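K.L.:
This is the feature table in TrEMBL:
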DOMAIN    48-141  domain 'Fibronectin type-III'
DOMAIN    145-240  domain 'Fibronectin type-III'
DOMAIN    242-335  domain 'Fibronectin type-III'
DOMAIN    343-440  domain 'Fibronectin type-III'
DOMAIN    442-537  domain 'Fibronectin type-III'
DOMAIN    541-636  domain 'Fibronectin type-III'
REGION    639-658  region 'Disordered'
REGION    740-768  region 'Disordered'
REGION    832-855  region 'Disordered'
Amino acid sequence: MQVLPANVSTVQLYTVKPLTEYIITIKAFNKYGESQASYARATTPSYAPSIVQHAQILPVSPTEIHLKWEEPSRGHVTRYHIRYWRPGRREKQSAWMTGNFRNYVAGSLRKGSNYRFEIIPYNGVIPGEAVVMFTSTLEDRPDGPPLDIKLRALNESILVATWQPPDPELANGKIKGYRLVLKVKGGKRISSFRLSSSRRNFTFFDMDTSKIYQLRMAAITINGTGVLSSWVESTYSGSPNKPGLPERLIIKPDMTSISLSWSRPKFTGSQVHGYIVGYGQFIPEAYRVVLPRTQQNYTINFLRPNSKYIVSVRAFNQIGESQPSFRKVRTLKATLKNIPLLAPVQLRVQSDSPTSLMVSWVDPVLGSSQEVLEGRSYVIRYSPLSGESYKYTGTVSLHRKLTGLKPATSYEISVKAVIANISSDWSLPVLNSTHQTTPSSAPQNITVQPVMGNPTELQLSWTEPQHSNGKILEYFIYRSLNPSLASKEWEIVATDQQAIRLKGILPHKVYYFRLQARNRVGYGPLSDIAVYKPPKERRSAPSNLTISSIHDNLDSVMVAWQPPQTAQEEITGYRVHYATLENAERKQWMVKFEKVVNTIVEDLELNTTYHFKVHARYRNGFGPFSAAVTFKTPSEVTKQQPAGKFGSNDGAKFTPPTTESQVFTSLQTKKASENTFTNKVFPDKEQMLSSVPPQQTRTYEAFVPLDSHQLFPSSEMLRNITKPSDGSFNHSLIDANKEYSPADQHEEDGKGSVDNNPENLSVAPPAEEDQVYRYLAVNLENGKNSAPHSSEIQRSQRVLENTQLPLVESSTFFSEAHKSTRSVFEATQKPVSEVKSSRNETESVGETIFGRFQN
């Protein structure tokens, strides 16, 4: 709204929009008020906008151009019209953009082409002034190959290739050159090269135009090589006629050969595919040799000296052969001076017998007659392929029999010609073998060894005969307890190997063996008698006993050894004995049982010298001890071991498995204190040990608290022995708050009755609050007044409720015992949470480690 003075009758309104209808209201007013309003309608005119400012154009790829600009300095813009086309072309492309856009990307353009762009601003329907710009898209590799490619054969050796530039619409830029690829049809590439862009043809020389060639091409721009054309095959425009006669034929005779050379026939438009050389003594072209078109010389060999021959040369192609050019020529006379020395050829070696070979050859100098001239001789050399030195022999004929050779042996043979002191080169060697014959010697190096752990088997090995005279197919082993028997009365076994395991051997018997070999021809002689005498000692000591320290565990050592080498019985385990120097002199040894050939001995005293020895355990006793080995423990303790539940002397600790066979976790306790023995069934250990008859084993049950974090020392187990065992053990967890008796135990086991034997009845020890108990099986073995012997461990069958049996923990117990009495305690803790017991079957679960009680 505007207020005007009374004397003003006109006014101009600014900041109005073009092409907009406005309603104008006019009122007069004084101090008394306003008059009625007068209304007028008016529409503002439209003005065309000016040219856009700062317009830029930029090619961004071979097919895209980017435009950007700023709005015109005058006039309102509602939209922009972008038009673009290739100059000289009628096809135009356009796009409309709203007034708030200031850039545009034109796509799908022709590669490497010029374009005209116009940007026209619009105010409504009124166009403004257009801006015009020119630019080109980026060049690219050509999308099309050269045009009108042709490959023509001008004659038998020249090919000409011609072509035209690619379609300008597909050139995508300025052509910088051409790539040509040539090959024989169906063959490999012959050549690939580049030519300049100004070339429109290329000539290939020294080509065999009788063949079909293929050519393909590609155009090249600054951005690379374009697409290759399809293969174009060569054509020949000559007349389909026979070739002409070869020209300039030159003939040079020698004593046993004739050399010929010639040039191409005069070109008449016909191709030449090759040449034919013919010769004969009385008949022309009795022999014909076909040569390729590239060969224009040939030497006829193996002719007779001082003889007439008729020679000829022809050219041919696919139409036919040219007329021949016959010439008569005589070879030179043969004399000692002009006779050449050439290496013999066609050497043949035939096997004649096991000790001889027949050798024959051809002397190329003698021609077809092969009559040896006077003064001419031959030397033969031969040698086995095994690498022995050559042997030589001479002859004046063209064959020779070599004798005194080895049977079934390959020989290398060659021959040379000799005149006086002059000789030719050696011929190419020829290989052949003499015939096989029966072996002339027997198998050797016969060795007989016992099989460890099986006295009824022997291992027999040998090597092949020194003179096998062929491939050995089979060996025969003769064995007998009486060497004076005839060979046909010996027991015979056959094999195709050089070793055999013989079964059914009587232990403690002396056996006699003889061997015989057989090849494809027959049997060889029998070997000398090999005698096997069984060892007097059927059990031997382990060997290579070694002691080594364990890192970060100064009071433990690794003990390892090798099994006995001559053991005749099955080994069921090993016992490791160790003691300090003082205890070893007193024969007071600590004992550890192991089933493998190594173990870890723990809880040794530091800065102390120990003696170690080991012997094998067999089913029926023990073998001799190995030699004792001395080891001194370190003097400084670097790692403090935690004390156990029952004090430092009764503590327990975990030991990681040392071998793959130790699949269960093994725990070992220290030496139990003597004063902790408080078993109520046996007041002391002497009474307990004396209850076991000599050379017998008795099993007891121990009723002990269950603690998942620690095992019980020997004293805890011994003082909790409840009763002798009847062979079946309960593995159920027992609630400490429930009254319990052996009768309940038998009912839970499914016996259905109570054992009233007073010796078997005892009351379980008082249970602590919230305490769970388990049973342990304890085997006592009395070895008094007898040699050490083993006892089988009786275990109850575990029946899986789930998919896998839990780990079984084991303990080792050590203590002192009654004088002159040796006892072995075997203890295995039975996991009870996931298993049941069975009295009908037995199964070995885990490992039981033994502690030996010995005075």
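Just so you know, glycine gets a Cβ as well, placed from its N, Cα and C.
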K.L.:
Helix, strand, coil: count each for the residues of the domain 'Fibronectin type-III' (48-141), based on DSSP.
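P.N.:
In the domain 'Fibronectin type-III' (48-141), the DSSP-based counts are 0 helix, 52 strand, 42 coil.
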K.L.:
Tally of helix, strand and coil residues over the domain 'Fibronectin type-III' (145-240) according to DSSP?
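P.N.:
Summed over the domain 'Fibronectin type-III' (145-240), the classes give 4 helix, 48 strand, 44 coil.
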K.L.:
Mean pLDDT, the domain 'Fibronectin type-III' (541-636)?
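P.N.:
Mean pLDDT for the domain 'Fibronectin type-III' (541-636): 87.
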K.L.:
DSSP-wise, what's the residue breakdown of the domain 'Fibronectin type-III' (343-440) into helix, strand and coil?
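P.N.:
The breakdown for the domain 'Fibronectin type-III' (343-440) reads 3 helix, 50 strand, 45 coil.
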K.L.:
Could you give me the DSSP helix, strand and coil counts for the domain 'Fibronectin type-III' (442-537)?
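P.N.:
Split by secondary structure, the domain 'Fibronectin type-III' (442-537) comes out as 3 helix, 46 strand, 47 coil.
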